[in-house]
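See below for the structure under consideration.
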Amino acid sequence: MTAVPKFRRILLKVSGEALMGSQAYGIDHVTVDRIAADIRGVYDLGIEVCLVIGGGNIFRGVSKAASGMERATADYMGMLATVMNALALQNSLEKQGLQTRVISAIPMTSVCEPYIRRRAIRHMEKGRVVIFAAGTGNPFFTTDTAATLRAAEMGCDVMLKGTQVDGVYSADPKKDPTATRFDELTYHDVLAQDLRVMDGSAIALARDSRIPILVFNLAEPVASVLRGEVKSTIIREGE
Ligand code: UDP
C-alpha cells in the first residue's frame, strides 16, 4: 500500500445516493447520522474538512431531461436537491457537535450562505465544516466536477470520492469477476482507459489543478482511508 501523506485540508464528495441507505429514494436519517459521525472522526484527526454533496437521491437532471424536460431546467432542480441534502447533513453534523456552514453556489440567503471563496476558507480555518451545495451553480455539470472545482479553490490536499467498491477497477467488479483493482493511476490513465470513476470534466480539472483523488469504499471509515489502513486507489500525476 502507498504511503499516505499527512493531510491538512480535504474535500469529501458525498453522493446523494450515499444518503439513501437501503431506501430507494430520499434521505435516510440513520445513514446521514452515520456519515456525520464518520466526518467527526476525520475532524478529530485535526484535518480541515469541506464537503460537496450530490442530489441523485432526489433528482438527477439528465434522467428527467431524457423524459422530456428541458435539460437546463432539470439541472437547476437537481442543484436545488443538493441544497436539501446539505441541510440534512448539516443537521446531523451539528448533532455531532461540529460547527457547520452550508454554502450554496446559487444564492439563497434566507437558507444558507452564498459562495464566497475567501469566506469559505475562513470558516475552515476557524474549525467549521463547510458543505458546498448547488454544485457549480451551472447546468450541464455534475457534483463531481463541483467537488474538483471546490477542492482546487479551497487548496485541498486531496479530494475523496466514495464508491460502492474499494477503488478503481479495470471493469465493473460487480459484473466482471476478472476485474482488477488499481493501487495508483494517473489522470491520463483514467481518461485514456475510460475508467468511469468520475466524469471526464472532473478528472480533467483535477489534472489541471493537480488535485489527487482518493477513491475508496464508502463502507469504510474515512479516517481509516486517510490513515492508509484500508485499500483505495489514488489518482494523481505520474512521477
Ligand atoms: N447539477 C448541475 N450542475 C452542477 C451540479 C449538479 O446541474 O454543477 C445537477 C444535475 O442535474 C445533477 C444533479 O444536480 O444530475 C445532482 O447532482 P449529481 O447527479 O452530481 O449528484 P450525485 O450523483 O452525486 O448524487
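From the backbone N, Cα and C atoms, a Cβ is placed for every residue, glycine too.
Worth saying up front: this structure is predicted, and the values here are computed from it rather than measured.
For LYS13, VAL14, SER15, GLY16, GLY56, ARG60, THR163, GLN164, TYR169, ASP172, the entry in TrEMBL reads ATP binding site. TrEMBL lists GLY55, ASP75, THR136, GLY137, ASN138, PRO139, PHE140, PHE141, THR142, THR143 with the feature UMP binding site. Residues annotated as domain 'Aspartate/glutamate/uridylate kinase' in TrEMBL: 9-217.
All protein chains considered, the CB of PHE140 (UMP binding site) has 13 other CB atoms within 10 Å. Taken together, the residues in the domain 'Aspartate/glutamate/uridylate kinase' (9-217) have a mean pLDDT of 96 on the 0 to 100 scale. Note: the Cα of PHE140 (UMP binding site) and the Cα of GLY56 (ATP binding site) are spaced 14 Å from each other. When secondary structure is read from DSSP and collapsed to three states, THR136 (UMP binding site) falls in the coil class. Site extent for UMP: among the recorded binding residues GLY55, ASP75, THR136, GLY137, ASN138, PRO139, PHE140, PHE141, THR142, THR143, the largest C-alpha separation is 14 Å. Looking at GLY55 (UMP binding site) and SER15 (ATP binding site), their Cα atoms lie 7 Å from each other.
Sequence-distant neighbours of GLY56 (ATP binding site): residues of the same chain at least 6 apart with a C-beta under 8 Å from its C-beta are SER15, GLY16, GLU17, GLY78. Long-range Cβ contacts of LYS13 (ATP binding site) within its own chain (separation 6+, distance under 8 Å): LEU51, VAL52, GLY54, THR143, ASP144, ALA147, MET159, LEU160, LYS161, GLY162. Excluding GLY55, ASP75, THR136, GLY137, ASN138, PRO139, PHE140, PHE141, THR142, THR143 themselves, the residues of that chain whose CB lies within 8 A of the CB mean position for the UMP site are, in sequence, GLY61, GLY78, MET79, GLY135, THR145, ALA146. In this structure, the C-alpha atom of THR142 (UMP binding site) lies 22 angstrom from that of TYR169 (ATP binding site).
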